[in-house]
Structure formats: structure tokens, C-alpha cells
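*Asks:* Sending over a structure as C-alpha cells; questions will come in a sec.
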Amino acid sequence: MYLAYIFFLFATVSAIPTGRVEIVFPSVETSRSGMKTVKFRALGEDVELKLEPAGDILAQDFALYNGNQEKQQSVNVESLRRRLYRDSANGAALLIDDDEQPPSIEGIVFSKLRISPHEWKEVTEEGKRAHQVEELTSDRDSYLSDDILIPDFQREMVSFTRIDRNDKCIVIEVLLVTDRKFTERCETNEALTEYVTLLSSVTEALFRQLDSGWQLRLLGIMTFTNETEPPLFEESKHPNGAYKPVFVNKINDYFRENPTSLSKNADIIGILLTRSMRDRMDDWYSFEGLAFGNSVCSGNKACAINAYEKAEQAAYNLAHEMAHSLGIFHDGEFYRCVPEEVSEVISCPNSNYIMGYNSGDNYGKIFRMF
């Protein structure tokens, strides 16, 4: 018997279409303390970021593993850790590579602007590298919505405070898993690790904008390939390659029956797919993410998202589904099937729309953090 309810996140076109685009030449200054200041002007705004190191999002023993639980040595974790920066006040999560000159910057700012190195690497201005800034937007023709399945409660709930790591905030420990198609999409292990790390950093930045007190800690990454991917992945697909929603049930059972140290320690196990999910192959809509509700209280840890090619866009899906796993509903919604103490511990203000729902008071406000 599965816990209480499952959230189905579906989209008609794309979760986060791209708005305005502009080429910028950001400056990067580093202080003796390790803080960085990044400045640029984009879309009519002067941007100044005061960035602090954010390598703590990676666990101390963070590593990349293959599907056989073998640690991969091809990734320089400490170098990656040093490149991670955040400015919580401005909703910024960035990967800054100082080894390249001029420095390259990739990530999100104000929770609504994506910045990345321009493909014309040789284009510079006064020693500054060209970058592209894209506005992430939502519109009425491209939105996310949910459906809910509510079976009976059969599992005893445990205290939400079990994930309190005695830190100043609540630390959510996460294991992210890639299907074989996602693994193949990344040219190298390093590229895959950078994508997943940036995905996690942007997801945390979105949570910080909600004043949630949540901090993510990425325990590790598990990558499946043709040789190691469990049969349940193919068994859960339609002929056109889209996953069936039952996939989340099956992958949840898989980690229950085949636990590893990472999966046992994780509060949430996120599965990164390269396809959406559909009830029927010819459905007009597709699920872009699925999650068990209140998984931190039940042991049903799995959630899955369609991980778009841009990590900054996929982060909206991951943040939405992880929030459901932690007991958050859509803005303005409440389900009586959820224990009262959970709903009181975690609440989502109506002014934040990462948990928006395309109906009622929140019509047209889907995934707007600004």
C-alpha cells in the first residue's frame, strides 16, 4: 500500500519557456575571503551579486557511482566544490570557472534569469567573456498542473524532524539517479556531474526564495547505463518511449528491495529522465514530474522528473516535486488526508508560485517566483 497520495505534474508544452535574451559581459572580482562579486547589466537591470562559496551542497563524501555502486574516479569533486557560489538574497546559484580566463559563469539569478557562457567563446569586451542571459517565464499556454491519487492511510507517520541535522536549517539529503538515456546525453562523467550539481544548486536557490529554511545536501549521483539499468525502466515505457506513471511505484520498490548506503541515508531519491510520463501513449498531456506526498514521513522516497537539457529549467520540476515529497501542496490548497502536524510544520505562502496551480486564484501564476 502506498502512502496517502501521489502528485502528478503535467505540462502541455514546456515547463519554463524562454523569454527575453541578451548578451552581457559580466565582471568577476574575488576578495581575499573567497567571496566573489559579479556585475553586469541585463534586460534593463543593473545586477550586482555578492556571492559566497556554496560547496557545502555536496556531501563530504560525495561521489559519482555507476549502476553497480562502483565509485567513478574521473570527476574532480574538490574542484567542482570550489566553483559553486550562491547569493541567497538575490536568488542566485552559480557555477563559476576561474580556471578559464576570462571566467565562465553558469546558473540562475533572481530565480528568473539564466546566465551561461555564449557559444562564441572568443568574443570578449575589455577582458570580459560574452555570456547569454535568458529570462525564464511562464504563460497561459504552457503550464504545469497536478492530479492526485488518494488511497487509504496504512503507514504509521514519523516525525518530520527526523531530517533535522542539528544545523541552523533543515538539511534534506538527496540521492539523484539518471536513467541510461540521460547518462548517454552527457558526453563525459564530468559534464554529467556538473549538470546534476547545478540542478541541485538552483533547486536549493528556489527553496531559499521561499524562506523555507531548507538546505539541500547532495549525497551522490548514481548513473544507469545499458549494462546496469534495471529492467523496470523498459518495462515501464510505452512503445513511443514515454514512461508510464507506474514507473515511480516500481523504482520506489526497487530501492526498498535493493537498498544501498546512499539510498538508505537519503531523504529523497530523485530520478532524472529524458522523457515525460503519460497515462496513455496518445494522451494530449504529459507528466513532467511525479512524487509521493510526505515521503520523508513514510519511506516512499522516490520522485521522478523530466530533466530538460538545461539544468536551470529542470530545477523548477525538481523543486516542485521535492516540495510535494516534503508535504507541500499547491498554493491555496489543503488536503484533509494529510496529518495536521505536517501541514502546520510546512506551509507555502500564497505569494510564491513555485507551487502554483493553474486554477482559481492562482490561474496564470504557475511557477512564478517574481
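Backbone N, Cα and C define each Cβ position, glycine as well.
On a predicted model such as this, the values are computed, not experimentally measured, just so you know.
Positions annotated as signal peptide by Swiss-Prot, on the basis of sequence analysis: 1-15. Feature annotation from Swiss-Prot assigns domain 'Peptidase M12B' to 170-370. Marked as N-linked glycosylation site by Swiss-Prot: Asn226. Annotation comment: Swiss-Prot describes His320, His324, His330 as Zn(2+) binding site. What Swiss-Prot records for Glu321 is active site.
Walk me through the surroundings of each of these features.
*Replies:* According to DSSP, Asn226 (N-linked glycosylation site) sits in a coil region rather than a helix or strand.
In three-state terms derived from DSSP, His320 (Zn(2+) binding site) belongs to a helical segment.
Cβ-based neighbour count (10 Å, all protein chains) for Glu321 (active site) stands at 27.
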*Asks:* Do me a favour and check the Cα-Cα span between His320 (Zn(2+) binding site) and Asn226 (N-linked glycosylation site); whole Å is fine.
*Replies:* 29
*Asks:* Kindly state the mean pLDDT of the domain 'Peptidase M12B' (170-370) in the predicted structure.
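*Replies:* For the domain 'Peptidase M12B' (170-370), the model's average pLDDT rounds to 82.
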*Asks:* Output, ordered by sequence, the same-chain residues six or more apart from Asn226 (N-linked glycosylation site) with a CB under 8 Å from its CB, or 'none'.
*Replies:* Arg180
